[in-house]
Structures are given as C-alpha cells and as structure tokens.
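J.: The structure is given below, and queries will be raised subsequently.
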Amino acid sequence: MRNAQKPSGMPVHRYMPFQDQITVELPDRTWPDKVITKAPRWCAVDLRDGNQALIDPMSPARKMKMFDLLVRMGYKEIEVGFPSASQTDFDFVRQLIEGNHIPDDVTIQVLTQAREHLIERTYESLVGAKQAIVHLYNSTSVLQRRVVFNQDEDGILDIALQGARLCKKYEETLADTHITYEYSPESFTGTELEYAVRVCNAVADVFEASADSQVIINLPATVEMATPNVYADSIEWMSRHLHPREGIILSLHPHNDRGTGVAAAELGYLAGADRIEGCLFGNGERTGNVDLVTLGLNMFVQGIDPMIDFSDIDDVRRTVEYCNQLPVAERSPYGGDLVFTAFSGSHQDAIKKGFEALEKDAAAAGKDVADYTWQVPYLPVDPKDLGRSYEAVIRVNSQSGKGGVAYLLKNEHSLDLPRRAQIEFSGVIQKRTDTVGGEVSGAQLWQIFQDEYLPSSKEDGQWGRYSLGSFSTETDDDGAMTLHATVTVDGVQVRRTGSGNGPIAALLSILGQDGVDVRVLDYSEHALSEGGNARAAAYVECAVGERVLWGVGIDSNTTTSSLKAVISAVNRAIRDAQA
C-alpha cells in the first residue's frame, strides 16, 4: 500500500534533535531486562511545584486540605513550600509545625535556591520541626548556563557548592531537627551527563553522604526533551557514577512536556532510581508533573502494593479539584469520569461476559468475587477497588450493541433478556440513537424498554390493542385448560374464554377469535428477586402473522407474567404493522 503522506510545510528546520544536543550512550544498559516489583519512595510536590502552576494558587485553607489528603493517602515525604520565596509559603510551613499537623512518620520538604538570605530564611521556617528535607537546587543545563546565568561549568558548580556549604552552616541553628538534604541539578535532561555527575558528587561530598546519612540526588526532567528510554539510559548512567552510591537516594522528577512523563518515571525507576516526585493527577507547570495517581495504580493493577491508599478515588479527585481549582480530565487514567465507561458494542458485550465468567469462576473456586483474581476484558482494574460503582461502566450511544443494553437492564432492573431478545431491543435503541443522536442514559433506556414492551402506567397511555385483566383457569381430567379472562380490546373491556394444553395456548385461542394468528417460538422466565413477594419476568418470542417479535411480562405470578408477555408481543406486532 502506498504511503500518501506529504511534507507538512511546518518549520521543522528550527528544531534540533536531542541527540545533537546531549549525548547519552549506554550500550550495556540493563534496565530493559528488569521489572518493577515494589513501590518506590514517593514524594508529593502538590503544595509547591503543583501550587506554583495554578491560575489561582491555594489559600492556606486549601493548602491544609491538600496536606491532610496527602497524609491520609499515606505519603510520607511531602514538599510543602518555598518558604523564602513568599510570606504565604513561610507562614504555611509555620502553621504546619506550630499547629502540630505533621505526623511523626511524615517528613516535610522545603525548597530553596543557592543564595544565603534564602537559605537562612528557609531554616528559620523549620524551627521546631522534628525532621525535614531541605531541597537545594540550581540549574545546570547547557542552555541555562549560556542564556540565563552567562556562566561556564565551573561557575555553575561554584553556585551549587556555595549553596551546599551554606545549608550545612545554617543546619547548626536547628539542633533539634533532623535534616535530610536533597540536591537537584535543575534542567538535568539538558545537562551533559559527565558534568551533571561532577556537580552532584561534589554536592554530595559537602553534604557528607554516607550509608548512615543519605543524601537525595534528584534528577529532574524539568523539560521533557527525549523519549523515555533516553531518560532511563541517563538515570542508569548516573546511578553507576554517583558516589558513594549507598549514600545516595536517587530520585526522579519527570515532567510531561512530551506526554510520556509516566513512562519516563517507570523506566527511570527500572534504571536504578529509588524515589519519585510528582503530583496527584499530574498538576504542574505547562503540561504538568508526573501523575502520582497513574504511577501508583499502574503498580496496583500489576499486583504491586503502591503503599498509597487510592481506595476512594472520587474523594481524591474531588479534593484535588477543589484545592487546585482545576478539573480532572474525563479521560484521566483511573480517576476520570469516563475511564471505566464503554460505549462500543463489542466492548460492552465482552465486559458483560467477563463479569459473568468472573462470578462463575469465583463460585467454582469457593471464593467471593471481591477476593478472586480480577480478569474482565477492557477493565484493567475493578472499579469497586477504587471506591467506584459499576453504574457508569456501560453507557449506551449509537456505537453500542446488545451487550451494553443487556448489561444495563440486568444490573439496574434484574432483567436477563434471552440473546435474541437482546438483539431485538438493541435494534430499538440503535434506531433511537441514529434518529436523535447522543447518549441514552440508564433512565432513558428503561423508559424506552417500558414503552416498547410493558403496559403504560399512564391513565391516557395507549400501549396497544390488547390489555389483560383478571382471569381464572380450569383444568379437566384430560389436562386441557380453559382460560376465562377479562381482556380490553381497542379500549373496550370484554370477557373471553379459550382452551388449550396450558394457559398460553388458551390465550392464543382467545386471540384467534379476533383473527390474530400467534405461534410461540421460544419462552423463558426468571425471578427478579428473592423472597415470598418476588416478581417474575417472562420472555416470549412469537410469530404473529409474518412478524416475529418478543414480548415481556412482569408480575408476581408466573402464569400472569407469561400471559402478559404474549400480549406484549402481539401488541408490538400490531403496532409494527400499523407503522
């Protein structure tokens, strides 16, 4: 097949391939052969890196709500602000400490640039804290060295080392606070690896990194510049060359400029990282920080405990939306409104069959469905494990088929339609969606079903030519049955009698008196619930003249439900003929 694509005409000559800017060579890479088996150390940076990117930065009340959420979910390292950058951030750090809001097993993290007055102010904000991470950073990339700082490699290294020494100096003012240091060569992805490791190792030496006093070296994709495999190669290269490696906690801080932040984090973790920084639902500058929800639940669906509680994902989303004053996208993995929703007919049918197989397999294994291995097509996770219901799993539009329609009727109304009846009713729905367009809600679908198959509940409703009233039966010695029934025909109530080898056959005899030729082709019934007051649903496939249609009857009496189903099929056939 010929490729008909043509040049775009866009100014591609203005952009430089990454490999022409930064060299990352690792022919003996080992990360592709590894698999993730446990969760990393997490650090949530919503309150700083996320907050700085908001149109309306969080108020103190919204910050506290976000902090409480992160603690409740199980995050043990939380970046809470840049206290030397604003009075608001300084005051919030003080509020957390003085108000005793920080659990003993949670470590707050504060950010600072490598300037003495900023570092001094940072340490002032931490007075009284039990433990804290002081996060020092300066930019090291080729572009920022040239454009922003107008400094060579040695000049940028001096900035980092001066900042590290000042941190150690002011640490002496916090005798009762255990300080862990973190250093980030900002814009790491735009920095030569040999230079990045030179700076990081020099800073780690000043911080006296050791197995007993580890230093966090954080390698940010401040701007995502290449494919995730390149980021992973750079992380493995750094992991091999950082020293002392046992004294280093290697941390990742991916952004999502190319849309692959999650993949970069996962591959970077395989490549030797120990820790990942990010935000819930990927908030952050430009296209955002890496999404901690996606990362954590990607592990969960692989049978790995993320060490974070996502069991009420809707509450997490609502809180994040309130605090950030930004919506979470409907297609956002795991948390969006539509992520567990199937509109496609083939998808719906597979999901329906998957649920049925799951129940069957769990019963055969003697286990509750909630404890059985989850395997349902198109649903990588059980929505109930995230606090969701199955209500929105299947929704109906013009792309839907019988599986989705049948699923909704069964789950919302306990109606288990026979396969051919499913096909027939899905055609009714398809005709409606093709005509009107849009989605058919569960309530609308039920209304359409009632209008099509069941007697109208409205006094002035015109359901069809026939309506069944009270009846009685008699059985003679030969087993033949006589049906005495009150039937409404064209709005007029009449008393009719018919005979046959059962109640349905007797009703067909009555209908035959009006010249209505009916043959029953298929029949099934089931209870709609359990207990003495349970109602039954009956489904009857009838040939009425040249038309083959299904009827449905619902009643607390099984005989009545079957007779109603025949009337339903006959009325539908007559309506169809008149149309």
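For all residues, glycine too, the Cβ spot is worked out from N, Cα and C.
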J.: So Swiss-Prot lists HIS253, HIS255, ASN289 for Mg(2+); which of ASP49, ASP56, ASP478, ASP490 goes with them?
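T.: Candidate in the recorded Mg(2+) site: ASP49.
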J.: By DSSP, how many residues in the region 'Regulatory domain' (456-579) are helix, how many strand, and how many coil?
T.: 31 helix, 56 strand, 37 coil
J.: On the 0 to 100 scale, where does the mean pLDDT of the region 'Regulatory domain' (456-579) fall?
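T.: Mean per-residue confidence for the region 'Regulatory domain' (456-579): 88 out of 100.
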